[in-house]
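The block underneath contains the structure these notes are about, expressed in structure tokens.
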Amino acid sequence: MRWLLLYYALCFSLSKASAHTVELNNMFGQIQSPGYPDSYPSDSEVTWNITVPDGFRIKLYFMHFNLESSYLCEYDYVKVETEDQVLATFCGRETTDTEQTPGQEVVLSPGSFMSITFRSDFSNEERFTGFDAHYMAVDVDECKEREDEELSCDHYCHNYIGGYYCSCRFGYILHTDNRTCRVECSDNLFTQRTGVITSPDFPNPYPKSSECLYTIELEEGFMVNLQFEDIFDIEDHPEVPCPYDYIKIKVGPKVLGPFCGEKAPEPISTQSHSVLILFHSDNSGENRGWRLSYRAAGNECPELQPPVHGKIEPSQAKYFFKDQVLVSCDTGYKVLKDNVEMDTFQIECLKDGTWSNKIPTCKIVDCRAPGELEHGLITFSTRNNLTTYKSEIKYSCQEPYYKMLNNNTGIYTCSAQGVWMNKVLGRSLPTCLPVCGLPKFSRKLMARIFNGRPAQKGTTPWIAMLSHLNGQPFCGGSLLGSSWIVTAAHCLHQSLDPEDPTLRDSDLLSPSDFKIILGKHWRLRSDENEQHLGVKHTTLHPQYDPNTFENDVALVELLESPVLNAFVMPICLPEGPQQEGAMVIVSGWGKQFLQRFPETLMEIEIPIVDHSTCQKAYAPLKKKVTRDMICAGEKEGGKDACAGDSGGPMVTLNRERGQWYLVGTVSWGDDCGKKDRYGVYSYIHHNKDWIQRVTGVRN
């Protein structure tokens, strides 16, 4: 029914000798000759004007065509045309040299309008059925078919049904004409002392319709010099100077240019620190653009000479405003400026052509006086005791009473950093350790002398006397290292209540209650070799038992270190367990068998007794001899430590080294020198780890 209505709307008959025009606005339709499919009338003329929306064109094709033949279509014909152009003229039944039928040919209008005219003359000798044609609107792909440069897209074209639109590459914006792509280049600021400026997209053609502004703004005192490169291509005109695209350079009120064409301008010295470069392009042209480099120039500063033993960086033939120079010195030298030493010093060329400061001098590094070494000496390798770079000194310890730890060379060199350096210790000073167990005065091992004998003065320099402040001695001890005394723990507390034999802090002697005397020989008399020292702190062995005398050992820390000499020297800690039968010497000021105190230091030589033998000797008395104890003495008695000797040293000689080692400290026994009753001593080897942990003493 729909096609029937369309057929009646488009196909109708016309009277003879009449002309008729039909206006068609649909997007598609059908056109037929009058009376189709019957023969068309003579002397007839019909025009169909087809109009579709902009962005479309009209496609026309024939399904049937049968008209009168004539030379060049003089009689009957169908003419297809636009406003100003005939697209085709058809007649006849088939194409010949002088007439053309549409056949399968499709006729396309260039625009949105097409006019189709059918005309028949006054007579037809035969029956001709006319034509049946169809038309439809088809989209125009403007992106492919647009040939007019002023209407085509600069960058990207996007077609859609009935039209198209343009877009631009990244960094560009679309002009108000909706087809031209331009750049936003009006706020380019350059502040570096050198740089390169180009037209947008250089060396590709620069965008159209652009207004670019480049500002070079340097610190006052500089002058901008411009240099265009060889590639220079800006649209120009053979008769009018730069009417289309151009560069202008503005320096203050002065304007240079315009510049265009293919010849680059000569180098330009602006004599200013502020320059504006303007670049204009119109809406046409395909030129490559331009590129220039700029460089800041300033006043020249005088030539520089490096200081003696120094250098300047960078080293240049000429220096200009804002150039900076760093002055440094050779290894072992320091920059000296206004009596201040520094690693480097920087000066700058000022805008008036002068340097910001004078070149400083280079002074040799001075390590100054080396640090004092406790118990040591310093020897300079140079005659004048120089302390400057590469000078050498040697530390040594006060022999024979001190030795250097780890046998260090003690040689230090003044380094480039201004500090004394040792290859092993770096800047740390060496350590002088007390020499132990090597008395200046040697003794002869005594044969079996009953009840001991007076000790030769200076042969026991490690012995210490524990004395009340009133001068009354009460125990002995041994010097360890430079500031510790090892003694018996029972020497440092009062007698305990037999009914409550618990050791309390209140039972302990206060450090202020007693003193230590070193270099002592006479029991009560004094001489010039003695050193009286205060007590800083006391430490009892944590497992000390005052009832059984287990771990009967204590340490006394001195307020100050004694001066080591021929009469004061520490004893060495044992390096291993003591062998049974080895001879030891016990020293002290304790009572003799006549139950009176001696005038001088006494000593006895006795052998070490087997541990099991000692245990059996005390078994009847129900007294334990534990592993932290060691026994010594004669089976027949007569030689033993006694009251007043507690805490005193029991030592032995290492014959290979000639050094004396501490074996034990006097602890307890059954009477003094009694037969089958040996002296019991606190075994130092058993407690060596604890002693070293508290004191830090090493041999």
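Count begins at 1; order follows the chain as displayed.
Yeah, the Cβs are placed from backbone N, Cα and C, and that goes for glycine too.
Together with Asp245, Asp282, Ser284, Swiss-Prot lists one candidate of Glu235, Glu239 for binding Ca(2+) 3, that being Glu235. Annotation in Swiss-Prot places Cys362 in a disulphide bond whose other cysteine, of Cys329, Cys349, Cys397, is Cys329. Cross-referencing Cys153, Cys157 with Swiss-Prot gives Cys157 as the cysteine bonded to Cys143, criterion being a recorded disulfide. Matching Swiss-Prot disulfide entries to the candidates Cys168, Cys185 identifies the partner of Cys181 as Cys168. Sequence-distant contacts of Asp139 (Ca(2+) 2 binding site), defined as residues of its own chain at least six apart whose C-beta falls under 8 angstroms from its C-beta, comprise Gly55, Phe56, Asn159, Ile161, Gly162. Counting every protein chain shown, the number of other Cβ atoms lying within 10 Å of the Cβ of Glu68 (Ca(2+) 1 binding site) is 22.
Note on proximity: of the recorded positions Glu68, Asp76, Asp282, His490, the one nearest Gly163 (Ca(2+) 2 binding site) is Asp282, by Cα distance. Asn159 (Ca(2+) 2 binding site) falls within a strand when secondary structure is assigned with DSSP. Reported as a whole number, the C-alpha separation between His490 (active site, charge relay system) and Ser284 (Ca(2+) 3 binding site) equals 115 Å.
Set side by side, the binding-site residues Ser123, Ser284 differ in how many other CB atoms lie within 10 angstroms of their CB, and the most is found at Ser284. When secondary structure is read from DSSP and collapsed to three states, Ser123 (Ca(2+) 1 binding site) falls in the coil class. For the Ca(2+) 1 site, the Cβ centre of Glu68, Asp76, Asp121, Ser123 serves as reference, and the other residues of the chain with Cβ at most 8 Å from it are Ser42, Ser70, Tyr75, Ser120, Phe122, Asn124. Sorting the recorded positions Glu142, Asp552 by the number of other Cβ atoms within 10 Å puts Asp552 first.
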